[in-house]
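A.B. asks: The following feature annotations were taken from Swiss-Prot:
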type	residues	note
DOMAIN	419-534	domain 'Toprim'
BINDING	Glu425, Asp499	Mg(2+) 1 binding site
SITE	Lys450	site 'Interaction with DNA'
SITE	Asn453	site 'Interaction with DNA'
BINDING	Asp499, Asp501	Mg(2+) 2 binding site
Amino acid sequence: MSNNYDSSSIKVLKGLDAVRKRPGMYIGDTDDGTGLHHMVFEVVDNSIDEALAGYCKDIVVTIHEDNSVSVSDDGRGIPTEMHPEEKVSAAEVIMTVLHAGGKFDDNSYKVSGGLHGVGVSVVNALSEKVLLTIYRGGKIHSQTYHHGVPQAPLAVVGETERTGTTVRFWPSAQTFTNIEFHYDILAKRLRELSFLNSGVSIKLTDEREEDKKDHFMYEGGIQAFVTHLNRNKTPIHEKVFHFNQEREDGISVEVAMQWNDGFQENIYCFTNNIPQRDGGTHLAGFRGALTRTLNNYMDKEGFSKKAQAATSGDDAREGLTAVVSVKVPDPKFSSQTKDKLVSSEVKSAVESAMNEKLADFLAENPSEAKNVCSKIIDAARAREAARKAREMTRRKGALDLAGLPGKLADCQEKDPALSELYIVEGDSAGGSAKQGRNRKNQAILPLKGKILNVEKARFDKMLSSQEVATLITALGCGIGRDEYNPDKLRYHNIIIMTDADVDGSHIRTLLLTFFYRQMPELIERGYIYIAQPPLYKVKKGKQEQYIKDEEAMNQYQVALAMDGAELHVNADAPALAGEPLEKLVQQYNAAIKLVERMSRRYPYAMLHELIYVPRINAELCADKAAVEAWTQRLVEQLNAKEVGASQYSVLVEHNAELNVYLPKIQVRTHGVTHEYLLSADLINSKEYAKLADLSEALDGLIEAGAFIKRGERVQPISSFAAALDWLIKESRRGLSIQRYKGLGEMNPDQLWETTMDPETRRMMQVTIEDAVGADELFTTLMGDQVEPRRAFIETNALKVANLDV
């Protein structure tokens, strides 16, 4: 480090260097994924601004297989003409110059989410490569950038009738710790945008996974958003309160809200379509007006006298779902990430609009107003009961030694960052865990039976539950609006350790519901983990090994089977062994797994037989006779193998749109007939290509006299599948496999070695990427309404791989 501090020490970061040097200032954290996804939102916000101005109706966001993302819209297209001052195309100025854009010229956009003119130029600076395509003036313009540097000027590459812009970018691994996009995070934001912009179609597709896509298009704006958020809950009044008011100063305030019979408060705030996670002046104005208007109404109508308990703002917001959306010509945020609105004029705008409109709503809808007031009074009484219960607990706690529950085996470490709390199912596993742990930093809390489902329980009832009270005391961070302080948490690693069966899953879900509803910050801060104890223990001779799950078990058995295996495809052929044989086995197993996954849509036997017939492709489908012959062969092989069970017959269907002939197979089982069309999508899919590749690899491989050998043992075979089955059976000789169902089956040493030793254990961190989706899932699975839960189970039942009953 130099001691010279003079004028030469002062660096001026020109162009996009500032962004690369301090990316966090522009897009948020580059390590935890928020900054990475913010890149997509910066580009999407530009398309939304086109929609706000009335020029864009369709936005398509695609996560490509190579983990790049493209955002395409049908807006006006970025201007392509030469910029009068910069002497390069306007598009290049927008892509490479900070604080350049159409948001400063008040005539181009009245209100916009883009504010500082840094959005797309930041994306360009922090991407390894950007491909810009503009459709404008009847021409297609294209330009490529590497790390923000244009490789050539904007060039015309074709003609078109459409207008719009497509930006495809590959994030830079030099900036981001992790460059993998999460579908749920993008889906959450795009869903919000589609509600906030009625009639705009937003499509999201993930090419990394089969059939993963969503189409968000909602009429009804934020009113529909509130209905969507409450759809699995029970609203206490039918009508969604909604107003949209535009003021003379250009600020427009739109609010939609509805109370449900739950106990959670859900308020979503937006400024110019951009969400404010930390609220701001619009939230303050909304809360103030809500409490004041409701209190005035309750005093006037005599509800306050009946209540016999003073109501607070928190009571008024219990069970409230609301969306507050403001449009502000020149908004001020606390940072470029726009997480908090600080424009002071917005608070009074929201307050005055809410006061007036909510008072009118309550006066015009007396029965709905009565329901809301009754709920607020109930909340106030419950809060009072909870306060008394807490005081009782505190008085009782003063008598206990250090106020910690007797069940808790605490650790010696006092630094929360180094301490771990294992929440263990049942006293027997708790005993093993207490004996096996490292006392220095591992505490154990055994929970007896199932804790209360907090989704259905009121706060005072929850506090009276013994298991919940024990858990709250052990955590040390308090609970409830007045007492809860996540900074007082005694352990920064809370590990849920339950059995690998139905009861274990249920207890884990109940605990996650508790943390999500009562202490969400613990999940947001990454303190909650789920232990992943092994499912199997295998023993061969004196060697023991723990195996985490079914997939690892299959891999272990295949590796064992390959040891010393030789495949002779005929009596005289040289042996196929080692890596070539292993690759073929892996290819076969991957295909079988694919068949199992696809068997939700087609019969397993039919898919499996595709491995043993030649490839069918688009070329073959143009010839009807060829398709008939191919289908006939498939059907004959199926009928020969499935004697008596099912009868297969041939049909061929002509697809007029594509002008191709497609195989259609009729299956008759126990007198019931079903038809299955092998569609053009299936024939052209990556999945079918993998089955066809295996078909070509196995075609003619096994000849007369073929045999498989492992060590000294030899077995004649007629198919590759028979060879693999024999090898697996052989490898199991002398192998003892134990499947663990409960943690209590392990002794303390085994529990330490497999689940508690930081060197060898596996844990899964609990995170929330899509808060709306998570809220919906907890409500569906753990709430009062049966119908949404039944629909969820019926929809997802076929996707279950292992059902433990």
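Here the Cβ of each residue, glycine as well, is placed from N, Cα and C on the backbone.
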A.B. asks: If you draw a 10 Å sphere on the Cβ of Glu425 (Mg(2+) 1 binding site), how many other Cβ atoms land inside?
C.D. replies: 26
A.B. asks: Using DSSP, tally how many residues of the domain 'Toprim' (419-534) sit in helix, strand and coil.
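C.D. replies: Per DSSP, the residues of the domain 'Toprim' (419-534) fall into 55 helix, 21 strand, 40 coil.
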A.B. asks: Which is it, of Asp499, Asp501: the one of these binding-site residues whose Cβ has the most other Cβ atoms within 10 Å?
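C.D. replies: Per the Cβ count within 10 Å, the most buried is Asp499.
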A.B. asks: Count the other Cβ atoms sitting within 10 Å of the Cβ of Asn453 (site 'Interaction with DNA'), across every protein chain shown.
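C.D. replies: By my count, 18.
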A.B. asks: Sorry to bug you, but what's the C-alpha spacing from Asn453 (site 'Interaction with DNA') to Asp499 (Mg(2+) 1 binding site), rounded to the closest Å?
C.D. replies: 19
A.B. asks: Compute the C-alpha separation of Asn453 (site 'Interaction with DNA') from Glu425 (Mg(2+) 1 binding site), stating it in Å without decimals.
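C.D. replies: About 16 Å separates the two Cα atoms.
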A.B. asks: Please average pLDDT over the domain 'Toprim' (419-534) for the predicted structure.
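C.D. replies: A mean pLDDT of 83 is what the predicted model shows over the domain 'Toprim' (419-534).
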A.B. asks: For Glu425 (Mg(2+) 1 binding site) and Asp501 (Mg(2+) 2 binding site), determine the Cα separation and express it in whole Å.
C.D. replies: 11
